[in-house]
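Positions annotated as domain 'ABC transporter' by TrEMBL: 30-278. Annotated transmembrane segment per TrEMBL: 371-393, 405-428, 448-472, 484-505, 511-534, in sequence order.
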Amino acid sequence: MSSSSTAEDVEKGRVGSDYAHLNNDEVKSFGWADVTVTVKDRTSQQPIDLLSNVSGMVEAGEMMALMGPSGSGKTTLLNILAHRAAIPKATIQQTLRINGAPTTLAAFRKLSSYVEQEDALIGSLTVRETLYFAAQLALPSSIPASSRKALITSLLASFGLTAQADTLIGTPIRKGVSGGQKRRVSVASQLITSPKLLFLDEPTSGLDSAASYEVIKFVRDIAKKYRILVIASIHQPSTATFGLFDKLMLLSRGKCVYNGEVKGVQGWFEGLGYEMPLYTNPAEFVIDLINTDFSQDSNIASQRLTHLHTSWATSPAAATLSENLRVTAVTAPTSHIPSSLSAPSSSTHASPLSTLWPLIHRSFIKSYRDIVAYGIRIAMYLGLAIMMGTVWLRLSPTQSNIQAFTNAIFFGGAFMSFMAVAYIPAYLEDLAIYQKERANGLYGPTAFMLANFVVGVPYLFLITILFSVVSYWLGGFRPSAEGFWIWVLWLFLDLLAAESLVVLLSSLIPIFVVALAATAFANGLWMCVNGFMVQPDTLNVFWRMSSYDLTNEQGLQEYLEAHQSAPTSVQLLSGGSANYVYRITKHDGSTRILKHAEPYLHSNKDFALDPTRMDYEARILEALSSTESPLPATPPKSNVHAVQLLSYDKTNKLLEIEDGGSRNLKDAYIDLKLDIPHIGEQLGRWLVALHVFAKNISLASPDEDRGINNNPIAVNIYRYPYNGLHTALTQFGYDPQLADLINERFGSLIATDNECICHGDFWPGNVLVRDVEQQPVDLTVVDWELVRRGTSATDVGQFAAEAFLLDRFRGGRGLLSAFLHAYVVAREHTEALGKAWLTRVVVHWAVHIAFWPTMVTWSNEEETKILVDVGVATLENVLKEDWEKVLESPLLRDVRERYATLLVRP
């Protein structure tokens, strides 16, 4: 709307006649005496007066203009009079009185309002809504809704805004009311609380002369009708606008040049010898007269300004003003003190709790009307999701794609958080409005932050859902509801943290470009040090200072010093450890083992694993060591036991267990001091005890449903060799269709297995051997993180496969046959095993033999092909149910007679 139409949409010279709420019967005068503000020069450190002994008074119904050239101190004086922002490191001397009485800040805010130079309005609200929410925030809850509505209607009429009541204020995208009307809305919103004293900072800034006149005209009409005291800083108004003010305070270089009636300013300067030319705007004349910045002769200009300062300071008018201030302060009767000053406990504002809902309501309206707030961001994240989904399109869940999946996860999280910088403009707009409203005492930071959080969270969740629906399913991630919602949860928390960072930095540095740079730097830093681009143990000390890195000895040492007594040494163990495994030595010489779970294997960082697997290890070890458990840690007459749990830090995924020794059975197999067949027998009987007597142990935590009875990480690892069998067969020239048949019949059986508790990763590498000099040796079963409920056949098949490989490549000491014989004999004493169970053992053994030697080197490629041949032949015989050949396989050849009896049972 153009400024030329400003005068057409108002009723000139009229104000509403029924807005009695504005009537000022309390404040008769507001005066200030000898206001002085001193700061130190940054270079010379000498004191400089920004204001020097400035005094003045304004009475009910009067409008005073504060004028002066740039740097004269008019804005500084206005802020001090209004109890606004303090000047850093400034010394301020002031005497402010209402009706001659001193006032407190809380009481002063009840009587006053401040209209800032910039219109801090929400562009997506209508004029009526702006006043409605101003009333909701400012007025006490005791005022009924009907009265509030009447007040708003009357204000709209008083400011000539009735026709524009339902028009938007205006955004960069949607046009709204004119500049003059915005300024009137700003003033009207400050009159909601019926202020008796109104401050305006440059109310005509950015307006043309017609719009400026209309704004000041409406303020004057309100002031006159309702006896409101108005003080406004104004910069070179037109002649008509200048004539609307009652009083003028003219400042230059922090000192008063004139303070009196506007109509007397021309006569004052003419009396000093400075005659105003004809047809000259008085405001322009006096500003040019006292402005020395552009004078050709600075000495003459300085002498003129000194003459003007001295003339006013020694004038009868200045003396009269000082006397009036003194007399008012001395003689002011108690009856002239406003009730809000004498009864500070009475509230004219809404309570802190009652402001929360209006803030939420207002923010919600802004969020869906203003496309900049969330609409553009939703479109941006959708575009990002489509790009990500089409770049990582339909990835197959194979070992070769592990890195691609990891990259996609990093990209999704990193760029979701990085693009949160798009929230900065919207938040800075909200922050500007908050700062204005907080300065007027409407609400505090808690209500502001809560409202932003409550409104923002649903949109962030919607953004996360939309992003995930596209990127997750296009990318070929795990096709399950559980996997999808885990992805959604982590992305949502990631985005929430990123937006919180935006709020923090934008609040500390409320400058768009600087806040943008700071946020981009912080996000870039997190992307660099989050462990994806650079391994944490390669970072220097400076970048590691904010966290404990539990993937190296130094980080663990720092953690232990902060949480426990410091050990004398920390040693990172090598070998086949899948996690970060340490041996710590305490001051008494005792040792402990600490396991730290990362989302990958220590030996293969492309192998993705969820660190929550450690939770399951802690649960099963706690259950096995319980006196109420059906399986004690050490079964009777056995030298095998489950490792003892000492402590568990669930937050950091750090497990403390007993030290079972330095050698595992895989490494100790070649030690001739060991009775390998006896060890095989002991392990077979111990495994039966686990499978049979620990059937009823639940893997659910105390706060979970008891039906949650499986470890999802262990289930995925069980399927891993079945999913990889296709690649192994293709590598050695076999028809990969065999892998499809095995997967179809056996690879998915884990979904229905619930026979018993399984170790999940039972092989010689997870059996520790110590006390070799003493027979029988002590055996400790470790690494329970893949514990699950399933079929006992998978534990037997996995151990049998690794025992077969040891026997084949490290001396043929009879570990396989001793283990299989002991297991089936011990099991027959408790329950009958049958053909279905044996089939699962054979298949799991054969898949293991055909797949893992292609991943882990046991010998040369020729030997690897022989192992794949053995595995494939056994699988083909199972599918053909040729049990004669199966019983002659390397798995069952030495225990044929014992295991053949299982075929007659189902």
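Just so you know, glycine gets a Cβ as well, placed from its N, Cα and C.
Nonlocal intrachain contacts for the transmembrane segment (405-428), taken as residues 6+ away from its ends with a CB within less than 8 angstroms of a stretch CB, comprise 370, 372-373, 376-377, 380-381, 384, 388, 392, 395, 452, 464, 467, 471, 475, 477, 490-491, 494-495, 497-499, 501-503, 506, 510, 512, 515-516, 519-520, 523-524, 526-527, 530, 532, 606, 608. Within the model, the domain 'ABC transporter' (30-278) carries an average pLDDT of 87. Panel annotation: around the transmembrane segment (484-505), residues 412-413, 416-418, 420-421, 423-424, 427, 449, 452, 456-457, 460-461, 463-465, 467-468, 472-473, 477-478, 515, 518-519, 522-523 of the same chain, lying at least six beyond its termini, place a Cβ under 8 Å from a Cβ of the stretch. With a threshold of 8 Å between CB atoms, the same-chain residues lying at least 6 positions outside the transmembrane segment (511-534) that come near it are 406, 410, 414, 417-418, 420-421, 424-425, 428, 498, 501-502, 505, 543. Note on the transmembrane segment (371-393): residues 124, 171-173, 404-405, 407-408, 411-412, 415-416, 419, 422-423, 425-426, 459, 462-463, 466-471, 473-476 of its chain, located 6 or more positions outside it, place their CB under 8 angstroms from a CB of the stretch.
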